[in-house]
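What Swiss-Prot records for this protein:
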BINDING   Gly14, Val15, Gly16, Lys17, Gly18, Thr19, Arg129, Val138, Tyr139, Gln211  ATP binding site
REGION    34-63  region 'NMP'
BINDING   Thr35, Arg40, Leu61, Tyr62, Val63, Gly91, Tyr92, Pro93, Arg94, Gln98, Arg162, Arg173  AMP binding site
REGION    128-165  region 'LID'
BINDING   Cys132, Cys135, Cys152, Cys155  Zn(2+) binding site
Amino acid sequence: MVMENKFLFLGAPGVGKGTLAKQVANTTGLFHLSTGDIFRSVMQEQGALSQTLAHYMNQGLYVPDELTNQTFWHFVTTHQNELHKGFILDGYPRTLNQLEFLQSKLQLDQVFHLKLSDPQVLVARILNRLVCPSCGSVYNKQSKPPLKANQCDRCHATLQARNDDTEAVILKRLTLYEDTVKPLIEAFTKQGILTVIEAQLPLEQQVNLVQQLVH
């Protein structure tokens, strides 16, 4: 499959990776491909793949690499018209197995790793996070509060904090992320396609840095 402008955004939970990816997609016209959006789209289809995926998702189970790979590639091959100008991957690949599958199908042009030097800053961000259970919009009590307290700006549903957003759980998730992403970072570094972006920079500055490398 011939496709230009293939980019990946990496970052720990709560670092702002999704926000940056969406902003860059909006300014460049590239398609924003998040794992969650792909899963939700495929689950709405009729067929064995959607049923198998729903079995894991509806029970909150970990989706195996093989199924994740199959779901990702199914989405890509059935949305070629939307993706022909290029896309931004957000949340995939997460493991070496997923990376090996991806690179057997296509080659990434650039990888951006959004990184926070101080993990306590990230902990504070996540502890202040509010999520809309209806449309998935994400807010922050300090840096991105909703217009009306505890109400989603888009669909007006009541915002919620995640039950597992505690400092101990967050630090555990960060450690797990670092262990999981380390071999990916090493692989992308060897390939010469990794760019590290400091997550404490203002969003506009992050976008400008990315746009210098995204054509």
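Glycine too: its Cβ is placed from the backbone N, Cα and C atoms.
Listed binding-site residues near Cys152 (Zn(2+) binding site): Tyr139 (candidates Val63, Tyr92, Tyr139; Cα-Cα distance within 10 Å). Around the Cβ of Cys152 (Zn(2+) binding site), a 10 Å sphere holds 22 further Cβ atoms from the protein chains shown. Rounded to a whole value, the Cα-Cα separation of Arg129 (ATP binding site) and Thr35 (AMP binding site) is 20 Å. Gly14 (ATP binding site) has a Cβ environment of 24 other Cβ atoms inside 10 Å.
Listed binding-site residues: Arg94, Arg129, Arg162. The one with the lowest count of other Cβ atoms within 10 Å of its Cβ is Arg162.
Thr35 (AMP binding site) and Cys135 (Zn(2+) binding site) are 15 Å apart (CA-CA, integer value). Per Cα geometry, Gly18 is the residue among the binding-site residues Gly18, Cys132, Cys155 nearest to Val63 (AMP binding site). In this structure the C-alpha atoms belonging to Tyr92 (AMP binding site) and Gly18 (ATP binding site) are separated by 12 Å. In the three-state DSSP classification, Arg162 (AMP binding site) falls within coil. For Thr35 (AMP binding site), the same-chain residues 6+ apart in sequence whose C-beta sits under 8 angstroms from its C-beta are Thr68, Phe72, Asp90, Gly91, Tyr92, Arg94.
With all protein chains in the displayed structure included, the most crowded Cβ environment within 10 Å among the binding-site residues Leu61, Cys132, Cys135, Cys155 is that of Cys132.
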